[in-house]
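Colleague: According to TrEMBL, the domain 'Ig-like' annotation covers 56-152, 239-311, 342-435, 641-729, 851-935. Per TrEMBL, domain 'Fibronectin type-III' is recorded for 444-540, 542-637, 738-833.
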Amino acid sequence: LKKREKKQVEVKEEVDVWEILKAAKPCDYEKIAFEYGITDLRGMLKRLKKMKKVEPKKSDAFLRKLDSAYSVDKGKKIQLSVEVADPNAPIKWLKNGQEIKPSAKYVFESVGNKRDTHDNKCNLSDDAAYECVAGEEKSFTEVFVKPPVTITKLLDDVHTVVGERVEFEVEVSEEGANVKWMKDGVELTRDMAGSKYRFKKDGKRHILIINEATKEDIGMYHVFTNGGESKAELEVEDKELQVLQSIADLTVKSTEQAVFKCEVSDEKVTGKWFKDGVEVRPSDRVKMTHVGRTHKLTIDDVKPSDAGDYTFVPDGYALSLSAKLNFLGEGTIRVAPTTNPPKIHLDTSGASSKNVITVVAGNKLRLDVEISGEPAPTVCWMRGDKVRTGPEGRVRVETRKTLSSFVIEGAMKEDEGAYSLTVTNPAGEDKAELFVKIVDVPNPPENVKCTSVGEDCATVTWDPPAFDGGVPIKGYLMERKKVGSSRWTKLNFDVYESTTYEAKKMIEGVLYEMRVYAVNGIGVSQPSANSKPFMPIAPTSEPIRLTVEDVTDTTCTLKWRPPEKVGAGGINGYILEYCKAGSEEWVQANQDLVERTQYKVKDLPVGEKMLFRVVAINIAGRSPPATLPQAVTIREIMEHPKIRLPRHLRTKLLVVVGEKVNLVIPFQGKPRPVATWFKDGAPLEDRSVGTRTSEVDTILFIRSAERSHSGTYTLSVQIENMLDSADIRIQVIDKPGPPTDVQITEVWGLNVSLEWKLPKDDGNCEIIGYTIEKSDMKTREWFTTYEHNRRPSCTVSDLVIGNEYSFRVFSENICGLSDEAGVSRNTAVISKTGLAYNPLPFKEKDVSSSPKFTAPLVDRSVVAGYATAISCAVRGHPKPKIIWMKNSMVIGEDPKYLMQNKQGVLTLNIRKPCLFDSGRYSCRAVNDLGQDEVDCLNTHTDLADTCLTSPQTHTQTPQIRVSLASPTRD
């Protein structure tokens, strides 16, 4: 068996599904929703409609705002992040308008200009609108929490035959959710070439349909959602036809009816009848019927030519059922004496002296017995002491001169027993004994139960049926199903003779039920009662890497790794066992299961050599043991002390003022070493520096570092006269001070030379450069000229003639720029000799003008009762006075009129005009430089006046022509 490689889990990058949806076409919405697990398509479309595309405005408070929307799965982490312009500006986080406070659920972080908030495990209540408020500005976003779509009803395995319809059904937690179907790792779609698959959705139910199964469909089928998966196996076998009742030989007399009857397991199977190899054709006397699983050939008015071999051949199967029809003639007429003793002509050639007649329960028994005798004998049928007579009823006797028929309609079990036939006449008596045996399908098997389980198998046993139906049991048929499912899967098509069966190809961790059918020569029994649910689970593999971690005079500490193969049963815990070397008596070290992969075995004998082993325990039992390859001597070993100094502490450790220092330094040695700390060669007595020491390591911590904490710290571990030590150099650094004595040493052309001295405080580390800024004395704004300048001097070029400049310098170390700058003592004026600028006197332009209409009034025709407006446009300086007139009369403060002037556009609104408002309207603009005037004709029409009468000489439909004017259009 090859070891299966572990699948590499692909780490998917978090994407914003709402940004993808906004950029996608509407025809791709459903595909994107399925890919990212969105089930509520209607809600998704509503949210997309609300998300308006707004051009982002430049913000003074935020360098980077929140994205418009975030999408996250339920139970995953939410992280919202912004960048503010002022690193010292306070901010607030709001959820649906309510302020969020720091708590175990919400964690706030602040690093430089960046502000973050985290929710490590979100739930559906976190689906809300969030805001970040900085000063007067806000940044808004929406968080959408996607609930996982889980599978509530798993797939069932299917065992079928070629040509049958197959349905895989699964039920999910969300109605209308999308699922993905796969077969052997290949996705199934409707677009596959020659696709035989159909997909059906019914609310939460999803069904995969294969109309006619073939051998190519065998495999493992998977269904996936964004919150779970399920799998089931399809097994397809060739069709096998079972004969439930074969046809029997018949002996029929002339003019009687012959009926051949058989029953097969498949109702859909058709077939043909043959006589002596020639197909039988239907006629008035010969009829062939097919009802359900039963096929009949009926021959009326039998003739001698009908005798022969009859065969039924099912279509599509290499199977045939044969029987013989014997014709019984009237016989020859013999001259007999006047009296002849009675005689029963009954075949008794069997091995037993009794004639046994077998009848299937529910069928009709007709026993025709030929008798002879002169005079005609008297016939008497009896069962025990009870005489059976009469031509009517379910059990009856039909008697003719030479033939007596015993008939039982719908044979039942109580009809079984010994029967006798007695014929008498004056010449004598004859008697025959018969035994009627009623056979039936067996009772169901009993006591079906699971005796043991494995990783993907289970052993099931049962008891034979209490009644075998009167026919020996041929074997059994088994079915299984998953608990909660209604579909049973056949496990075998050929009968299975034993009462113990090992079911395979099961899914570990799934509950199953089994039931069994009994089969005899008559047919199949009813199903047995379901077994108790059982779950295939296997013990884990053995734990790995069992090693000794520590040994003392009475204890041994062991550690190991979990088993490579765990399975659905999980691990309940571990059991440690030990025994002396050379002995086979293992002693359990722990009474309760150990959940950790480490355990200390105590109270061991000193100096003895001991073997140890560990087993994993789950619901299926003990795993194989993992045993130490060699015995362990229980005696503590002296071990030299040794410090395991981490790599990053082997060089100088730089710490910024105010930061925390937490150094964990492991060491080893037996017995436990004594650890001592020193600073600069003296014992560490500073109370602001704390130390803690355990058996395996020591910790040096400083809650807030200061410059005084700089120095060399020495750790010493000692066992008796054995010693080991290690030095740790800590340097606490800070931002530097500003440069001193900044001055302008020379000015020439467009260039300035600057010099300065080193800062008095270098921040306890090397100065790595300087940043130089310049400022125009007019604007007082600072601009960076150089960054990371190494030398304490520089030359600033490309200055502007006529400006006066001041300069400042920041010093820089690995902590950053100094908080303050060194400003130059003097300023630099950039001038050029002989250049004088004589500006011309400013002359203001005269923009005065007389009024001038740029858009005239337009004649209007409006309907009475509908508000209207007339407009024109005018220009002029100074602003002209506007006068509106009607028929040369000035319109005053009449409330019916509303006069508006918006930047030279003049509008006169007439509220609900009537016929009296018709006339010539004019507008006059007047200022100190002149005037201008425009006018228009405004007519009003009543609705009643618009009806047009037809000429008397013609017949036309009356029409109304109405002129409607919108009050908002010219």
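Quick reminder: no glycine exception, Cβ is built from N, Cα and C everywhere.
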Colleague: What stretch, picked from 239-311, 342-435, 641-729, 851-935, has the most CB pairs under 8 A with the domain 'Fibronectin type-III' (444-540)?
Modeller: 239-311
Colleague: What are the DSSP helix/strand/coil residue counts across the domain 'Ig-like' (641-729)?
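Modeller: Per DSSP, the residues of the domain 'Ig-like' (641-729) fall into 6 helix, 53 strand, 30 coil.
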Colleague: What does DSSP give as the helix, strand and coil breakdown of the domain 'Ig-like' (342-435)?
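Modeller: In the domain 'Ig-like' (342-435), the DSSP-based counts are 3 helix, 57 strand, 34 coil.
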Colleague: So what's the average pLDDT for the domain 'Ig-like' (239-311)?
Modeller: 85
Colleague: In the domain 'Ig-like' (851-935), how many residues does DSSP call helix, how many strand, and how many coil?
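Modeller: Each residue of the domain 'Ig-like' (851-935) counted once, the result is 3 helix, 54 strand, 28 coil.
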Colleague: What are the DSSP helix, strand and coil residue counts for the domain 'Ig-like' (239-311)?
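Modeller: Reading the DSSP string over the domain 'Ig-like' (239-311) gives 3 helix, 37 strand, 33 coil.
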